[in-house]
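Novice: Okay, these came from TrEMBL:
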type     : residues : note
ACT_SITE : 112      : active site
ACT_SITE : 236      : active site
ACT_SITE : 266      : active site
DOMAIN   : 106-184  : domain 'Beta-ketoacyl-[acyl-carrier-protein] synthase III N-terminal'
DOMAIN   : 222-308  : domain 'Beta-ketoacyl-[acyl-carrier-protein] synthase III C-terminal'
REGION   : 237-241  : region 'ACP-binding'
Ligand code: UT7
């Protein structure tokens with residue numbers, strides 16, 4: 001049995017914040033932000049729009065795309081570091097709102113790599129026959145833990161959610177290999193203090209430009225494939241320069257890499273499922289494509305998957 005993607009969906013809040021808007025808040029410039037990160041705008045949730053609301057909107061779209069109801073779900077995993085509250089989990093809130101009465105539910109905490117951890121966890125349940133349908137969501141309202149006085153971080157982040165229904169797919173499709181990792185000694189590079197994000201940008205950058213290419217290459221080799229077999233790369237959207245490092249290592253053209261950081265900034269655990277959902281929606285990723293998903297985040301954590309997109313039915 002192989003686990004794969006049955007449906008995808010994403011949602012971002014309506015309000016757009018531009019780099020020019022940020023120029024009014026901190027000492028920065030549109031030119032600096034664009035040239036150092038690739039970010040032009042980000043979406044920011046309203047006061048009464050919580051992480052679970054973003055997660056819900058993305059999940060409804062993913063369920064509809066998969067052609068199933070909440071009742072069909074066996075498990076809900078939500079990757080987030082910005083849950084509405086410590087408990088109940090966002091996953092439990094979703095379980096209620098989706099009417100997923102028979103689903104178990106929990107949040108997954110691996111920061112920006114959370115969606116990769118969630119997806120790979122889901123695959124284990126599906127492939128060992130324990131569960132048939134698992135909803136994996138990456139959802140963040142980073143704006144509520146952003147220090148809006150710190151120009152080193154506040155220009156980077158945005159809010160949003162992406163969701164994916166996973167289940168068994170036909171032979172030849174689905175997840176072919178994965179890699180997960182963590183390095184707790186990097187706990188001072190990116191962390192939360194007094195409820196706000198703290199980051200040593202250069203440290204995270206150095207780690208990411210090493211890890212993203214390495215993990216991307218590892219999953220290709222583990223799947224018994226070569227770089228030439230890779231059709232599309234969906235990297236965590238943290239910084240275009242980091243994304244480029246992964247793309248260059250896989251030796252694939254620019255148009256074969258998901259690129260939405262310009263519109264949404266870094267949405268942490270939501271960035272990979274949002275990017276994947278958009279590329280599928282725009283027919284850039286189609287059935288049979290070999291896709292590398294790769295992410296990294298605070299912890300430090302990282303994860304990658306090579307999957308052949310599609311259900312094969
Ligand atoms: O999901 C994971 C989350 N985190 C990341 O992915 C972050 C990874 N790191 C990065 O993306 C980059 O390190 C940053 C975009 C955060 C920073 O880019 P950089 O090229 O590494 O810049 P830097 O930290 O070396 O700073 C260069 C200069 C500094 O000034 P001095 O010390 O050279 O005078 C900063 O103070 O740029 C200054 N600076 C800014 N200037 C204008 C830092 N932030 C800003 C800003 N606007 N927003």
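Count begins at 1; order follows the chain as displayed.
Heads up, the Cβ atoms here are built off N, Cα and C, so glycines get one too.
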Novice: Round to a whole number and give the Cα-to-Cα distance in Å for the pair residue 236 (active site) and residue 112 (active site).
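Specialist: Approximately 8 Å lies between the Cα of residue 236 (active site) and that of residue 112 (active site).
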Novice: Restricting to the chain of residue 112 (active site) and a gap of 6 or more, list residues whose Cβ falls under 8 Å of its Cβ, or answer none.
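Specialist: Expected: 236, 238, 266, 268, 269, 271, 295, 296, 297, 298, 301.
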Novice: Going by DSSP assignments with H, G and I as helix and E and B as strand, what are the residue counts for the domain 'Beta-ketoacyl-[acyl-carrier-protein] synthase III C-terminal' (222-308)?
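Specialist: Within the domain 'Beta-ketoacyl-[acyl-carrier-protein] synthase III C-terminal' (222-308) the tally stands at 36 helix, 22 strand, 29 coil.
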Novice: List nothing but the one residue from 236, 266 whose Cβ has the fewest other Cβ atoms within 10 Å; the candidates are the active-site residues.
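Specialist: Candidates: the active-site residues 236, 266. Fewest Cβ atoms within 10 Å: 266.
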Novice: Which whole-number mean pLDDT does the model give the domain 'Beta-ketoacyl-[acyl-carrier-protein] synthase III C-terminal' (222-308)?
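Specialist: The average pLDDT of the model in the domain 'Beta-ketoacyl-[acyl-carrier-protein] synthase III C-terminal' (222-308) works out to 97.
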Novice: Tally of helix, strand and coil residues over the domain 'Beta-ketoacyl-[acyl-carrier-protein] synthase III N-terminal' (106-184) according to DSSP?
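Specialist: When I sort the residues of the domain 'Beta-ketoacyl-[acyl-carrier-protein] synthase III N-terminal' (106-184) into the three classes, I find 25 helix, 32 strand, 22 coil.
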